[in-house]
Amino acid sequence: MFFKRKKDEVDNSMNQKNLVDKELIPVDKADFIQKMKDCLHDSADLNIKELQNGFTLIFLDTLTDKKMLNQDVLSRLEDAKASPNEALKHITVSSTSKHKYVEDVIDSILHGAVVVHSPGHPVIISAIVGTQENRSLTRPENESQVLGPQIAFNESLATNISLIRRFLTNPNLCNESFTLGKQTKSAVSLLYLKGIADDDMIERMRERIKSIDVDGILDSSILVQLIEDNSFAIFPQLLLTERPDRACAWILNGKMVVLVDGSVQVIGAPQTFIEFFQSMEDESVRWQIATFLRVLRVFSMIVSIFFTAIYVAALTFHYEIIPQTLLIPLGESRSRVPFPPIIEALLLETMIELLREAGARLPTKVGQTMGIVGGIVVGTAAVEAGFTSNILIIIIAVSALASFTTPNYMMGNVIRVLRFPLIILAGFWGFYGLMVGFCFLLIHLLRQSSLGTPFMAPFYPPRFEDWRDSIIRLPIGWTNSRPLQTRPLDRVKYRYQKNKK
Amino acid sequence: MKVHIEPKPQNMVNTFLLIFVIHSMQVGVGIQGFQRIIYLEARHDAWISVILGGVATAIIGFIMVKTLSVYENSDLYGIQYDVLGKWLGNMINVLFVLYFLGGFHVIVRNYIEVIQAWVFPEVPTWLLSLTLVYLVYYGLNGGLRTVVGVSFFSVVLSLWLVMLLAYPIQFANWDYLFPIFEAKITEILRGAKQMTFTVIGFEIIYVIYPFLKEKDRVHRHMQYGLAFTTILYLAIMVVSLAYFSGGQLERTIWGTLSLFKIVRFPFIERFEYVAITFWVLLILPNLMLYMWAATRGISRIFNKKEQKISWILLTFIFLTLLYPLTRVQINMFNDYFAKGALYIVFVYPLLLFGAVLIKKKFSRKKDEANAQTNE
């Protein structure tokens, strides 16, 4: 019953399409021009050019490259006989196609094509002469690093795919294309390595992308919320990157990469929690240093989330745990503060967040000044006015700093925001509230999955082999297997053998 | 009720994780103060009682796994239904559900008592139990894998607490342990009996067994988990016996927590505040798995969806926790629960094993007889 109804709906919509949308192209010239004008609502940049020999050329001024249009289409068609086949023969543009329906014609005009109508023929030739409004390739700004390639994706889907293809010259690199968004019709590409990426996982991703029904996709960071497992979760479950080398490293590990036209970041799936604390540079530096940095990042995440809350809990309820030598300076610095620790902490945390937000929204130069004014002037003044204690300023500054060590911007945001509920819990119920918050976060993390795979892997479920490249990184010969997380069809990345000579 | 269970593959867990499940189930509130009750029986030979208690868990653990492995893939509820019939079987199933709920209740009660005695004398019981019940509810909603994950992290993240027990060793007086075997055998045995409340929890194998992936490795990992717990208890007991004098031990209700009291670092003192609040993470797997086991039981008996039942059971248990109990009453409740647990965990499995063996023999004879008549 249920299935039947669904099928009926599909049939109906298809019929409608045939009747209404899939309209055949008018043979008559005047009718055709009128039709095009109607469909594009007589747009101001719609250019209709009628040639002497009967051809009618229609294109959007704003989308086409004038030079190419003149050289490869206009001048070539002037001597031709007015028929579609003749037009095809004369146009010297690499991507041309034939269309039968009005809908397709409109679509190609909107993609920067010039369409050629020949009187008496129900077929339209379209030739892509669109401009590629392209930013030149720049250095990655959000994921900048000293070592490794200094190139970032830009807004063009074609350029981004070409960047990946340049790293991965491999015929097995598959590229599946989707069109998403009822209004925007954005192009979305799914890239993976055939023979390494798990087929079930690819199918799952495909289904998720296909089932999305929205009016527009403007950026990959929006798409990622539509395809991730749990959009209620605090933590992001899929990673975004602007580095082609990182995207390629993911593909080589058996992951999938999703690119969206018009966005500089690509989505990688599936991911694990620990990968939010890894950076591509870890692969380039010595393994001891990489391990140190990763441990430092995880440690700073913990510090950033819990440090202020521990201060609040200890000073509100558990004075006993502070050793006497530490208690004296603490008491001295807090003696002039009129607020309880929770208010004091929330006040300062909010101030830091204000500074950060103001700095992020302002132009770079003003932002720096803001930082100095906010950080030094307001900070010092707040202590001198007796609003806050010196020690709390240190603690909050350290935890703010620590939150910026997270290589991923989204995770950094989450960490900063998490501090607030924990401070409140600590202010109300001391260490007990803090532990309840911690347990909640632990359960929350354990409940998440990334594209159906456990988010806390390789720690839980424990996969000891994958620990070699998780919070630690072992020397290159040891990390030659793909993570189990992606269920790769081929587990071994390479066989490591050093040349003895 | 179906005797055999076929869990969905996404609910199955690695057998390796059984170590953590068993260990985290055994370690709970009992460990906070088991020294005193055993010392009262076995004096300074209490550590022998701990070993005996550990040996007893190993034997019972063996019996439990043997009982379960007679069946293809079944749990306690299915086995009792199969062996004891519909009415008697389901009655004992309900008894076990009540036992699991009782375990939940006892743990929350004891933990709240500790919190109120040591950290927050004035935070109301309802608030503390509400937070715990909510955490359990949130974890149970994530399915068995989340629950097992909590017990895994509970063990891994609290290992550092064990290391702190090395701190009192510098003040230890090892002469307190001698002479060995001063206590009579009966006293040592009585001490071992007092271990019941501290070592129980491993009966969860009865319910979790069908959800383990590699059945042939279950017994080995079960024994690893039990041994891990026994070694931990033995270490704590030996340290306590050497650190406290006899008179002190008789008066110290929460021996383990008192050990933390003297831990001191340059930046932190009075470690018991941290330890006691950290204990939430240690009792959380206990609560979750007990509640999960009770939920499984009800859903098996009445053939209902688990999620709804966990809701109802948690509300029910929360309401029971609202009933005010005094320290003496909680102690009495503990004693009754421990007595019941002694029979349920240490005696009943032997009977069930016997019944299962008889049933198996009987049905095999029947099968053979059938086969012969068919020939």
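A Cβ is built for glycine as well, from the same backbone N, Cα and C atoms used for every other residue.
Note on the transmembrane segment (B:12-34): residues 57, 61, 106-107, 110-111, 114, 144-145, 148, 151-152, 154-156, 194-195, 197-202, 204-205, 208, 211-215, 217-218, 221-222, 224-226, 228-229, 232-233, 236-237, 252-257, 279, 282-283, 285-286, 289 of its chain, located 6 or more positions outside it, place their CB under 8 angstroms from a CB of the stretch. Residues annotated as transmembrane segment in TrEMBL: B:12-34 (among others).
With a threshold of 8 Å between CB atoms, the same-chain residues lying at least 6 positions outside the transmembrane segment (B:46-66) that come near it are 22, 26, 35, 38-39, 177, 180-181, 183, 188-189, 191-192, 194-196, 198-199, 202-203, 205-206, 209, 218-219, 222-223, 226-227, 229-230, 233-234, 237-238, 241, 345-346, 349-350, 353. Taken from TrEMBL, the feature transmembrane segment applies to B:46-66 (among others).
Marked as transmembrane segment by TrEMBL: B:87-108 (among others).
Residues or ranges marked as transmembrane segment in TrEMBL: B:123-140 (among others).
What TrEMBL records for B:147-169 (among others) is transmembrane segment. Under 8 Å from some Cβ of the transmembrane segment (B:147-169) lie the Cβ atoms of residues 13, 17, 20-21, 23-25, 139-140, 232, 235-236, 239, 242-243, 259-260, 262-264, 271, 275, 278, 281-282, 284-285, 288-289, 292, all in the same chain and six or more residues away from its ends.
TrEMBL lists B:195-212 (among others) with the feature transmembrane segment. Outside the transmembrane segment (B:195-212), and at least 6 residues removed from its termini, the chain residues within Cβ reach (under 8 Å) are 5, 7, 11-15, 18, 21-22, 25-28, 30-31, 34, 38, 49-50, 52-54, 56-57, 60-61, 64-65, 68, 73-77, 96, 103, 144, 218, 222, 225-226, 229, 233, 286, 289-290, 292-293, 296-297, 334, 337-338, 341-342, 344-346, 349.
Per TrEMBL, transmembrane segment is recorded for B:224-244 (among others). For the transmembrane segment (B:224-244), same-chain residues at least 6 beyond its ends with a Cβ under 8 Å from one of its own Cβ atoms are 18-23, 26-27, 31, 34-35, 38-39, 44, 46-47, 50-51, 53-54, 57-58, 61, 162, 165, 168-169, 171-174, 176-177, 195, 198-199, 202, 252, 255-256, 258-259.
With a threshold of 8 Å between CB atoms, the same-chain residues lying at least 6 positions outside the transmembrane segment (B:273-290) that come near it are 21, 24-25, 27-29, 32, 100-101, 103-104, 107-108, 111, 114-115, 118-119, 132, 135-136, 139-140, 147, 150-151, 153-154, 157-158, 161, 164, 201, 204, 208, 257, 260. TrEMBL lists B:273-290 (among others) with the feature transmembrane segment.
Within the chain carrying the transmembrane segment (B:311-330), a Cβ under 8 angstroms from the stretch's Cβ atoms is held by residues 101, 104-105, 108-110, 113, 125-126, 129-130, 133, 136-137, 291, 294-295, 298, all 6 or more beyond its ends. Taken from TrEMBL, the feature transmembrane segment applies to B:311-330 (among others).
Residues or ranges marked as transmembrane segment in TrEMBL: B:336-358 (among others).
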